[in-house]
Amino acid sequence: MGSLPPSLDLPADPKHGQQRQIDESTLLNLFKAQQNHLNYFFRHLDLSQALSFSQTLLNTTGTIFFSGVGKSGFVANKISQTLVSLGIRASFLNPVDALHGDIGALSSLDVLVLFSKSGNTDELLRLVPCARAKGAYLVSVTSVEGNSLASVCDMNVHLPLERELCPFDLAPVTSTAIQMVFGDTVAIALMGARNLTKEEYATNHPAGRIGKSLIFKVKDVMKKQNELPVCREGDLIMDQLVELTSKGCGCLLVVDPDHHLIGTFTDGDLRRTLKASGEAIFKLTVGEMCNRNPRTIGPDAMAVEAMKKMESPPSPVQFLPVIRDQNVLIGIITLHGLVSAGL
């Protein structure tokens, strides 16, 4: 391996006064060891427990609450957010805050899932009798056999843990990894059982590209009314140069008096006409040189379909006139507009 660039020089080891480095083979061995630990989890997981847990969450009529302390708490919070993004009622319940009022959110219709590697976490054990008094169904998810938390909950899921990757078998790096794998896999099982559609998923992610591609319609992102570069077919090309360039669409939309679309004339058409006609261009009308069979799209089509239509053979285009019944022009959608909208 080559030496690190000066800007990435590692600080010296204070004990030995030498530059600290990570050997490539050491890193590879760590990844392989973690892979083996994860494989141990997959080989020894009791699928019947996982299925009972998944079915319990699926049949919950209330909210699925997740709780945990430390790193397990971060995992519990993340899994609750995954479920929420799938349209499932879920939330994270901080075990300390719960004992100071937040437990008021719990009801007899809810499930409370407690993540803990050891199953002996004091904060969770103190939470259990209070949650039980609220009537919630309690599930512990632990990795140590015969733990206290499992004995006081209605259900326990054992996540088999061979050991932590940490050389001291202390830092929770493998245990949290299997907690995350388990929780997120169950979340996707719930997603399938609830027959969540791609469109429903998108409504929960409106700011993301997936959401936008499944929510935005042409009418949501098109230019309309005064933004349209319209002209009549009898207009001279040279008289419409300002209209051609000022609206930022790269074209003219040629319409009749009733606003029916006749054709389009692009800046590319202008260059080709000028090259072929020379000074004769001063006498040519837009109608003589326009494309009378342009690609068009309707306002209720999905915006992503407009992008596909722009990119389709025989050659890509930068815009699509938007028309409604009887070929009436109501807008224009441009590639630049789609990109600006995040599609």
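Cβ coordinates are placed from backbone N, Cα and C, and glycine is handled just like the others.
Summarising the annotation, TrEMBL assigns domain 'SIS' to 53-196. For LYS71, GLU123, GLU164, HIS205, the entry in TrEMBL reads site 'Catalytically relevant'. For 222-281, 290-343, the entry in TrEMBL reads domain 'CBS'.
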Report the same-chain neighbours of GLU123 (site 'Catalytically relevant'): residues 6+ apart in sequence with Cβ closer than 8 Å to its Cβ, ordered by sequence. VAL69, PRO95, VAL96
LYS71 (site 'Catalytically relevant'), Cβ-centred 10 Å count of other Cβ atoms over all protein chains shown, is 16
Tell me which residues of the chain lie with their Cβ under 8 angstroms from that of GLU164 (site 'Catalytically relevant'), as long as they are six or more apart in sequence? HIS37, LEU170, ALA171, PRO172, VAL173, THR174, SER175
Average pLDDT across the domain 'CBS' (290-343)? 90
Count the residues of the domain 'CBS' (290-343) that DSSP assigns to helix (H, G, I), to strand (E, B) and to coil, and report the three numbers in that order. 18 helix, 16 strand, 20 coil
List the helix, strand and coil residue totals of the domain 'SIS' (53-196) as derived from DSSP. 67 helix, 23 strand, 54 coil
Could you count the residues of the domain 'CBS' (222-281) that DSSP puts in helix, in strand and in coil? 28 helix, 16 strand, 16 coil
